[in-house]
Amino acid sequence: DSEGGLYVCMNTFLGFGREHIERHYRKTGQCVYLHLKRHVIEKVPGASGGALPKRRNAKLFLDLETNSDLNSEDFEYEDEAKLVIFPDHYEISLPNIEELPALVTIACDALLSAKSPYRKQESDSWEEELQASKHAKTLVQLDNGVRIPPSGWKCSKCDLRENLWLNLTDGSVLCGKWFFDGSGGNGHAMEHYKETGYPLAVKLGTITPDGADVYSFDEEEPVLDPHIAKHLAHFGIDMLQMQVTENGLRDNDIKPRVSEWEVIQEAGVKLKPMYGPGYTGIKNLGNSCYLNAVMQAIFSIPEFQRAYVGNLPRIFDYSPLDPTQDFNTQMAKLGHGLLSGQYSKPPMKSELIEQVMKEEHKPQRNGISPKMFKAFISKGHPEFSSNRQQDAQEFFLHLINLVERNPVGSENPSDVFRFLVEERTQCCQSRKVRYTERVDYIMQLPVAMEAATNKDELIAYELKRREAEAARRPPPELVRAKIPFSACLQAFSEPSNVEDFWSSALQAKSAGVKTSRFASFPEYLVVQIKKFTFGLDWIPKKLDVSIDMPDFLDISHLRARGLQPGEEELPDIAPPIVIPDDPKGIYGLTVSSLDIDESSVMQLAEMGFPLEACRKAVYYTGNLGAEVAFNWIIAHMEEPDFAEPLVIPSFGEVASSGAAALGAVGLDNQPPEEMVAIIISMGFQRNLAIQALKATNSNLERALEWIFSHPDLEEESEPALDTMDMENNANANILADTGSEGPRIKDGPGRYELFGFISHMGTSTMSGHYVCHLKKEGRWVIYNDLRVCASERPPKDLGYIYFYHRIPT
């Protein structure tokens, strides 16, 4: 509150504005508060050329929630502190040693001298710089002929394919421990160090031209390896792109990368600043532009505006005692900051005249700083909680998961993104098919490089580039591949091979192909261009392409059609369980060889869950997608064996049913409660979930297929079950209000119009910068962190994530 200051509860140390302090007192009964108020003395030019003080009240949260720079030489402060006793609002000025007990005085002094947790977090993150390892300079590498390929790695002891570490002494590839970086592992890298004493290892998948993640087992901490390029080259990993050219710039830093930055940020063009509601910038907290871009796009959608900003009074009134740990409160607060216009005001004419007279330009004190929001939304996530650059697409999915888990009223705003995908899998030998459906939020389009329309120019450019590199001359002007959007859409719809496909018709492994179609079209279609890949030289790279993204998109031809006349379905038979020769197999069978959707596993692992837990979640939910598996994780994460490797309890059970993990079916044929909860979490009513599980002997995958095949089923009323569900299911109130008998989707025509896109500049998701363009009031606007301007040349062909809204019929 700019006039009322801040009230800090002396019991909980939570801060409140004047409009919320009364509610906190009534709600908690806490009666002692520290009232803080800051007066800013601003120096303004006086008549004699000196400075006259002008006193005004400062907004107490200015340095936390807006971008105002009150640390400049133009301002001085006067702080005022009082102790306030409710309900009579009795005030005691501080310091006051005579009237206050010693304990109260000590507590007030400690609070007044405390450092902001956000500023402390920032300074700590920069102070914890990695140190060079003492082993780096003298590291001995064995000449054993080991060469590491650029992909396809797995642990040499347990066949894990994630969280792998390359020992820099002998080239062994081994898995790490789960607790080290949030991913799964069996600790074989550490065991290898204890056996051999070889101290340094590099994490596979983190190698870039700027370095890699190196860990010292001897020093027990992440370290720097100044000789990492030489150490990796010993095992055939080429990092020559890190070499320095004559002008001191790396090859990747020369014109091609700069050109991309200029085009996307519309450099060299005078852009008109935009002010008012919906035109508020967001401060970059240090590699947080991915968050800024996504949140600008999210809060341009009416459903999110209504859910959080429209319900702001109710959300604030019913927020918990600690609103800093409440997702909906933080979303409403951020949305209000972006849409209210309070933090996006044009400069006064007097300020402009002063700047012209002084021939100087002061940055506008506009925009908000999402420190509290970022601290909460990234809490517990190994990647988003860091100060490193992240993938905007991964953050978008992370945000959607949080929206799903924290409903606001009866309508979930994330419903506008959700759609069903029909996957048709065909056995190439028997020609029989299987149809399944899964939930998704993003349409991922491959880049059809082979369809480039300027192949001759690309070949000529590559020849010139190599000649310039050999002669150590500046590279030629960049030629970017031009890819037709229709070719990318065609690549999306084409069949893809299914690895390790087991045909239930042949009861043996066979060749299989899979095609994907839309079983429903979402209200808002999010399209991701799959630009990022790995080169043969081990370096993550981005495909620098130009795609003619359409303003109007029609994907009606991608509508799923289901089982066609003349098609024969694959039998519903589970793959046999192979019992190993190892006698330990009698007691427990690993399932590393079974068909597990690795893409779903990686989506969950990227959220910070242990890899083995993600495997179990995907396996026990029948490969039905990351969303269903996520609900399984939430229901089982407190179990002691949550992160243990996936093991089938008995070779006599059918693995695909998932009943062994989710609970056995009772004598009364009552399905396991956890299976019921998983189906309910997808948007179905409890009665329908129980009926489907009973009809399919509690086979989760078949139960979902049964539900989709009975869309007009009339349910029987079960009041007792509904009452129990209201008590135990966090989402029961939403489902009861909506009365939905199917998944929460908003199906409609497949015709869309582009209204926004997020672009990435740089060579990898681990570096670079994100910018958002949105179409508002008939014109394009660029959101570049704090800078919000009218766009003159929106680079629609260079985007990474595109946002389309359905065209109403």
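We count from 1, first residue shown onward.
Including glycine, each Cβ sits where the backbone N, Cα and C put it.
Annotations in TrEMBL come from automatic prediction, not curation.
Summarising the annotation, TrEMBL assigns active site, nucleophile to Cys289. In sequence order, Gln389, His769, Tyr770, Val771, Asp785 make up the list of same-chain residues 6 or more apart from Cys289 (active site, nucleophile) whose Cβ falls under 8 Å from its Cβ.
Annotation comment: TrEMBL describes His769 as active site, proton acceptor. Just so you know, the Cβ of His769 (active site, proton acceptor) picks up 19 other Cβ atoms within 10 Å once every protein chain is counted.
Cβ environment of Cys158 (Zn(2+) binding site): Cys175, Asn186, His188 lie under 8 Å away, each six or more residues apart in the same chain. Annotation comment: TrEMBL describes Cys155, Cys158, Cys175, His188 as Zn(2+) binding site.
Positions annotated as domain 'UBP-type' by TrEMBL: 131-239.
Feature annotation from TrEMBL assigns domain 'USP' to 280-807.
What TrEMBL lists as domain 'UBA' is 595-636 (among others).
Annotated domain 'UBA' per TrEMBL: 670-710 (among others), in sequence order.
Counting other C-beta atoms within 10 Å of each candidate's C-beta, the binding-site residues Cys155, Cys175 are led by Cys175. Counted with DSSP, the domain 'UBP-type' (131-239) comes out as 19 helix, 23 strand, 67 coil. A Cβ within 8 Å of the Cβ centre of Cys155, Cys158, Cys175, His188, the residues given for Zn(2+), is found for these other residues of the same chain: Ser156, Lys157, Asp159, Leu160, Leu164, Leu174, Gly185, Asn186, Gly187, Ala189. His188 (Zn(2+) binding site): 21 other CB atoms within 10 A of its CB, across all protein chains. Residue counts for the domain 'UBA' (595-636) by DSSP state, with H, G and I taken as helix and E and B as strand, are 29 helix, 0 strand, 13 coil.
Across the domain 'UBA' (670-710), the prediction's mean pLDDT works out to 74.
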